[in-house]
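Below you'll find the structure, written out as structure tokens, and then a few comments.
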């Protein structure tokens, strides 16, 4: 029997002869020599090891044969093997010689191998602990900070904290409007703080917690190589730990969306940053091992092994995903982006798993991180399927509003927030789906629709008196204190339905214009509206079809509401006339709304807003409008004494 080091990890590729586990489990010379070595070197000394017999037996059963998840048991216990050593041997094992009888192990051979095994085990434990720190803190911290909202802090303190620390863009005045030549978005200060935490903790955990023990049986008198190997293993483990976290952040059914008050937009931003961190760690892991094997002259043989090229595939795949996920590509080729993004991501996960399996089998548990990542992904996908299966196959009625917008009504299904719609007969890409905000869950009857049309003309006539809607653009206000002709009509019972307003930008939404009635699968129940009942005043700022996001809030809010709505053409106002009956509103048609002036009027000068009146401002609209509202609210909140205000942005993140 050829003796190899026991209890550690072979860091090389495995080109040398390796003793089989079955041989370790049954060979008398090995078992008796090992039992004698333990008896001599690991005494029951309270000042040193203080090992109990049961501890030795436990180690013996788990580690004598190796550390694989599936392996044979040793044919006898430690006590049984030791009892067979009736005569103390006089020969000492020489490294590399065959072990065919019971022999002693010299201190010169024992100590370096003891150092190598114990320090390696210590570092491996740190790898896994640090991986847990990365993953669990990425889950727990958002929940912990969200729980702070239940503490009774003074409202003005919360307003100032949000206005200075949480809501403003980290740098400059743009958050939704892309920066750096349109390549990315600037996070808010609150988002930037958590991104900074994730970056710093990953950097620190990659760079700390290393120690060396020499002489070392694996890296004899080579402390630098020893530490370098620990570093590359650490970066690999932390990269693995970040994979389930970034998949969790990207999920529609992310449990953190249910446990926190953080938006899906925030988690998508975190998804991209965590993906960048994991990719950099994978690159460092790969480059260091490439350097080690090149220096050792083993790269040509090692690179032909399956574990090597699967690891290379995973690293290259992650490296490709980053530049191919920049904002311009996501916006211009969204459907194609989703398809290849998922395909390459699956290849990366498979590559990571096979990289470990082909190298270590299930020996060290690195693959557990991949199992967690797969479980998170499968959980999200199963809930998606469950949502649209529960809703069943429905039919969507498509109504053209004007050249830019269409209305989609889907009877028999309800839900708030937004829903993902699949149109399986509209394209051969049956998996394509898009998120749309639910404007209403009650479908108007024919009588109500007729009454609505009767009311549109007088309203728009008033608009035209103010300057004409097709050229300079207009703004008009209404409190709609009465419903006019609606009170004279007896409506039919309302029907449960989802109503969507869609802007046709090309692709799938543009194809809808040629349809009248079309099969649809609905995945409802995402992004429930914020609970703003503690705010007596609600101000909603909407642009175009952003009205669909704020409409449920306007209709359900118990206090005073005000709508500031900008649109390019009056068709949307006509289409939403009935739904907005009774809402105090100011509508801007064909011109840019001066958001700052309007919010200054509502927040900065209105006598309604005072020390005892908290205000919620909700914005849903184009990127520029969202940034204007964000900056205006933060600046007014910092300046106006006593103002208590909450900013809510509801928008889709590419």
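Here the Cβ of each residue, glycine as well, is placed from N, Cα and C on the backbone.
Here TrEMBL flags 130-151 (among others) as transmembrane segment.
If you look up TrEMBL, you'll see 192-211 (among others) marked as transmembrane segment. Same-chain residues lying 6 or more positions outside the transmembrane segment (192-211) and placing a CB less than 8 Å from one of its CB atoms are 119, 122-123, 126, 130, 133-134, 137-138, 141-142, 165, 170, 227, 230-231, 234-235, 238, 242, 269-270, 273-274, 277, 281, 284.
Per TrEMBL, the feature transmembrane segment maps to 231-251 (among others).
As annotated by TrEMBL, domain 'Ferric oxidoreductase' applies to 235-352.
TrEMBL lists 272-292 (among others) with the feature transmembrane segment. Sequence-remote contacts of a segment are chain residues at least 6 beyond its ends whose Cβ falls under 8 Å from one of its Cβ atoms, and for the transmembrane segment (272-292) they are 138, 195, 198-199, 202, 206, 225, 228-229, 231-233, 235-236, 238-239, 242-243, 245-246, 249, 299, 311-312, 314-315, 318-319, 321-322, 325.
Same-chain residues lying 6+ beyond the ends of the transmembrane segment (307-329) with a Cβ under 8 Å from its Cβ atoms: 13, 178, 182-185, 272, 275-276, 278-279, 282-283, 285-286, 337, 340-341, 344-345, 347-348, 350-352, 354-359, 654. Per TrEMBL, the feature transmembrane segment maps to 307-329 (among others).
According to TrEMBL, the feature transmembrane segment maps to 336-356 (among others). Within the chain carrying the transmembrane segment (336-356), a Cβ under 8 angstroms from the stretch's Cβ atoms is held by residues 240, 243, 306-307, 310-311, 313-314, 317-318, 320-321, 324-325, 329-330, 364, 366-367, 370, 373-374, 429, 431-432, all 6 or more beyond its ends.
Here TrEMBL flags 368-385 (among others) as transmembrane segment.
Long-range Cβ contacts of the transmembrane segment (368-385) within its own chain (Cβ-Cβ under 8 Å, at least 6 residues beyond either end) map to 131, 135, 237, 240-241, 243-244, 247-248, 251-254, 349, 352-353, 356, 420, 523.
Note: the domain 'Ferric oxidoreductase' (235-352) comprises 101 helix, 0 strand, 17 coil (DSSP; helix = H, G, I, strand = E, B).
Mean pLDDT of the predicted structure over the domain 'Ferric oxidoreductase' (235-352): 95.
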